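> Sharing a structure, written as structure tokens. Questions coming.
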Amino acid sequence: MFRAAAPGQLRRAASLLRFQSTLVIAEHADDSLAPITLNTITAATRLGGEVSCLVAGTKCDKVAQDLCKVAGIAKVLVAQHDVYRGLLPEELTPLILATQKQFNYTHICAGASAFGKNLLPRVAAKLEVAPISDIIAIKSPDTFVRTIYAGNALCTVKCDEKVKVFSVRGTSFEAAATSGGSASSEKASSTSPVEISEWLDQKLTKSDRPELTGAKVVVSGGRGLKSGENFKLLYDLADQRHAAVGASRAAVDAGFVPNDMQVGQTGKIVAPELYIAVGISGAIQHLAGMKDSKTIVAINKDPEAPIFQVADYGIVADLFKVVPEMTEILKKK
């Protein structure tokens, strides 16, 4: 039996929504916005109330202009200074605290990337609140869902903190539309440089393949490949479909590939349209990082491998025969 909410309850709920306001911390590289920020904006809009976005950097005018066009954002706050080079958390934290104090935001969030995981615990500590990490759903302005036990269980968290600080798993929310918005832009609160650390340099690996967390197709290899040289089989296959290449923790620990390729609970979380797992047994830590993929194809010679339990399509065969055959077929198409 359902009971209609009393008019007083509805008025109180509407009043609470009017007072909700969320600050999204933008992750970017000065000239381009990190895709996970768009997913975070979508999560923020589900809280109700006004959504603002804070952009800090050295030359971030283009990113700020792009954010003004994103659907769901009411205001873009821009802070430009040399100390924000590299988006160091030591410098960003005072800026975020000053912005929160000025506008009295009820929620502060960022993507659950290395950037967000490095920044938000510091912000929460300064606000003297407990942060919530890696949320996958929002039930209400004070109730969030996150995974525990390597993704095998869901935990619903009710947060009574005065300011809710949380990071968002990008694969759990659609990206916000990059057009249709008309947000205003203004300068953020000025803060004095902390200067307890200095950004020196960053060298990015250049590749014709897409970035792992944003790719539509991912080909990942495990210990079954037996060596780093054999990962060339996956590179050849991936190049036929403009796919990214990942790896299991076992392959990374064995020294086959660098750890920036690791997919899993302690690596990167991916949810591509197609995920091809080659020579991966399917430890729960790996499954936690890829089980939200739309279609999963597993190739393993062991028919009892756990990876087949989550796969949509399974091939029980020797990967050293199957993968080259797949590559040749795709080359002809």
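Cβ from N, Cα, C; glycine included.
Below are the features I grabbed from Swiss-Prot:
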BINDING   Arg223, Ser248, 263-266, 281-286, Asn300, 318-319  FAD binding site
MOD_RES   Lys59  N6-succinyllysine
MOD_RES   Lys59  N6-acetyllysine
MOD_RES   Lys62  N6-acetyllysine
MOD_RES   Lys69  N6-acetyllysine
MOD_RES   Thr93  phosphothreonine
MOD_RES   Ser140  phosphoserine
MOD_RES   Lys158  N6-acetyllysine
MOD_RES   Lys158  N6-succinyllysine
MOD_RES   Lys203  N6-succinyllysine
MOD_RES   Lys216  N6-succinyllysine
MOD_RES   Lys226  N6-acetyllysine
MOD_RES   Lys232  N6-acetyllysine
REGION    20-204  region 'Domain I'
REGION    205-333  region 'Domain II'
TRANSIT   1-19  transit peptide
> I need the nearest neighbour of Lys158 (N6-acetyllysine) among the binding-site residues Arg223, Gln265, Asn300, Leu319, using C-alpha distances.
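The smallest Cα gap between Lys158 (N6-acetyllysine) and any of the binding-site residues is with Gln265.
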> Can you give me the same-chain residues 6 or more apart in sequence from Ser281 (FAD binding site) with a CB-CB distance under 8 Å?
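Correct list: Gly222, Arg223, Gly224, Ser248, Ala250, Asn300, Asp302, Ala305, Pro306, Ile307.
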> Pop the Cα-Cα gap between Val263 (FAD binding site) and Lys226 (N6-acetyllysine) into the table, whole Å please.
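The separation of the Cα atoms works out to 18 Å.
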> Compare the Cα of Gln265 (FAD binding site) against each of the modified residues Lys62, Thr93, Lys203, Lys216, Lys232 and report the nearest.
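For Gln265 (FAD binding site), the closest Cα among Lys62, Thr93, Lys203, Lys216, Lys232 is found at Lys216.
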> By the DSSP assignment reduced to helix, strand and coil, which category contains Ser140 (phosphoserine)?
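The three-state answer is strand.
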> If you count, for each of the recorded positions Ser140, Gln265, Asn300, the other Cβ atoms lying within 10 Å of its Cβ, which residue has the minimum?
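Each of the recorded positions Ser140, Gln265, Asn300 was scored; lowest Cβ tally within 10 Å is Ser140.
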> Do any residues at least six apart in sequence from Lys216 (N6-succinyllysine), in the same chain, have a Cβ closer than 8 Å to its Cβ, and if so which, in order?
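Within the chain, Lys216 (N6-succinyllysine) has Cβ neighbours under 8 Å at Pro210, Ala243, Pro272, Glu273, Leu274.
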> Most Cβ neighbours within 10 Å: which of the recorded positions Lys59, Lys62, Lys203, Arg223, Lys232 is it?
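Per the Cβ count, the most surrounded site is Arg223.
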> If we check Cα distances from Ala283 (FAD binding site), which of the modified residues Lys62, Lys69, Thr93, Ser140 wins as closest?
Ser140
> To the nearest Å, how far is the Cα of Leu319 (FAD binding site) from the Cα of Lys62 (N6-acetyllysine)?
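Between the alpha carbons of Leu319 (FAD binding site) and Lys62 (N6-acetyllysine) there are 45 Å.
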> Check the Cα-Cα distances from Val263 (FAD binding site) to the modified residues Lys59, Lys203, Lys232 and tell me which is shortest.
Lys232
